[in-house]
Amino acid sequence: MASLNSDVIMGESSSISVPSSSSKNSKRFELKKWSAVALWAWDIVVDNCAICRNHIMDLCIECLANQASATSEECTVAWGVCNHAFHFHCISRWLKTRQVCPLDVCEWEFQKYGH
């Protein structure tokens, strides 16, 4: 009876070709190059900041304006308990005048911020 590792197909015919012992040890294929591809996205429904309208993974308008300066900070994302996400700079500027979420007008409370 053929083992599970061989390429022999068991059928009703009387002639069965069994691979020789030398072909069992040879490689069936050799991997010479492997290029991995991966995609990711934020776990949010809307992927644009509703304040500056830039993509949430891109720089906010404040960071874009200060891009030439040597002290440009990292542009992070801030989530509220309502699960709306904004650039941290954008929501900080918004919260100086109103303490509510710009989208659902619920009282703003940080759930998390950073990448």
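Backbone N, Cα and C atoms are what each Cβ position is placed from, and that goes for glycine too.
The region 'Disordered' annotation in Swiss-Prot covers 1-26. As annotated by Swiss-Prot, Zn(2+) 1 binding site applies to Cys49, Cys52, His87, with the evidence given as similarity to another entry. For 60-107, the entry in Swiss-Prot reads zinc finger. Under the heading Zn(2+) 2 binding site, Swiss-Prot lists Cys60, Cys63, Cys75, His89.
The candidate set comprises the binding-site residues His87, His89. Of these, His87 has the most other Cβ atoms within 10 Å. Under the DSSP three-state reduction, His87 (Zn(2+) 1 binding site) is assigned to strand. Its own atom aside, the Cβ of Cys60 (Zn(2+) 2 binding site) has 25 Cβ atoms within 10 angstroms in the protein chains shown. Residues Cys49, Cys52, His87 make up the record's Zn(2+) 1 site, and a Cβ search at 8 Å around their centroid adds Asn48, Ala50, Ile51, Arg53, Asn54, Ile56, Cys60, Ile61, Phe86, His89, Cys90 from the same chain.
In the structure as shown, the Cβ atom of Cys75 (Zn(2+) 2 binding site) sits within 10 Å of 22 other Cβ atoms.
Local packing around the Cβ, expressed as the count of other Cβ atoms within 10 angstroms, is greatest for Cys49 among the binding-site residues Cys49, Cys52, Cys63. Reported as a whole number, the C-alpha separation between His89 (Zn(2+) 2 binding site) and Cys52 (Zn(2+) 1 binding site) equals 10 Å.
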